[in-house]
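S.K.: Pasting a structure below so you can have a look.
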Amino acid sequence: MTITQVKIKKLENFSGSLPEYATEHSAGMDLIAANEQPITIKAAAIQLIPTGIAIALPDSFEAQIRPRSGLAVKHGITVANSPGTIDADYRGEIKVILINLGKEDFIIEKGMRIAQMIIAKYERILWEESSSLMETMRGSGGFGSTGV
């Protein structure tokens, strides 16, 4: 396995520990809330939550912000734009767009684990315009066409 080093900056509102893998085979690292005061996410509402960190990803890498399954199943808290994408050239604070799909208000306290961050490599492409596409068994069938 290749380990890529990524620079991370702790901002003034940072507290706690840097994102880290919970187990040897974890794909994501937990992101910690860095809000000064508790933030209430009302039922069916969205809030932007600071993390207190900024990163400098290498070229051809992105960070994906995804929900934590425990928050989703127990409280209906998820990432509104899942997965959120942090581009390699972004240097600002990483913030998480959380939405409360539950029926009760939910309070985000400083230091709470709010989301997961996955670092992934990607490739850029160049479009080749064509008047036809290669046929496949699936064809243009979508939205349940292969079974429900």
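Each Cβ is built from the backbone N, Cα and C atoms, and glycine gets one as well.
What Swiss-Prot lists as substrate binding site is Arg68, Ser69, Gly70, Asn81, Thr85, Ile86, Asp87, Lys95.
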S.K.: Have a look at the binding-site residues (Thr85, Ile86) and report the one with the fewest Cβ neighbours inside 10 Å.
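M.R.: Checked Thr85, Ile86; of these binding-site residues, fewest Cβ neighbours within 10 Å: Thr85.
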S.K.: Taking DSSP as the reference, which of helix, strand or coil describes Asp87 (substrate binding site)?
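M.R.: Its secondary structure by DSSP: coil.
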S.K.: Of these binding-site residues, Arg68, Lys95, which scores lowest on Cβ atoms within 10 Å?
M.R.: Lys95
S.K.: Tell me the Cβ neighbour count for Gly70 (substrate binding site), meaning other Cβ atoms within 10 Å of its Cβ, over all protein chains shown.
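M.R.: A 10 Å sphere around the Cβ of Gly70 (substrate binding site) contains 10 other Cβ atoms.
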S.K.: Using a Cβ cut-off under 8 Å and a sequence separation of 6 or more, which residues in the same chain sit near Ser69 (substrate binding site)?
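M.R.: Residues satisfying the criterion: none.
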S.K.: If you count Cβ atoms within 10 Å of the Cβ of Asn81 (substrate binding site), leaving out that atom itself, what do you get?
M.R.: 11
S.K.: Over all pairs within Arg68, Ser69, Gly70, Asn81, Thr85, Ile86, Asp87, Lys95, the annotated substrate binders, what is the largest Cα to Cα distance, rounded to whole Å?
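M.R.: Greatest Cα-Cα span of the listed binding residues: 26 Å.
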S.K.: Quick one: give me the count of other CB atoms within 10 A of the CB of Asp87 (substrate binding site).
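M.R.: There are 10 of them.
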S.K.: Helix, strand or coil: which one is Lys95 (substrate binding site) in, per DSSP?
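M.R.: It is in a strand.
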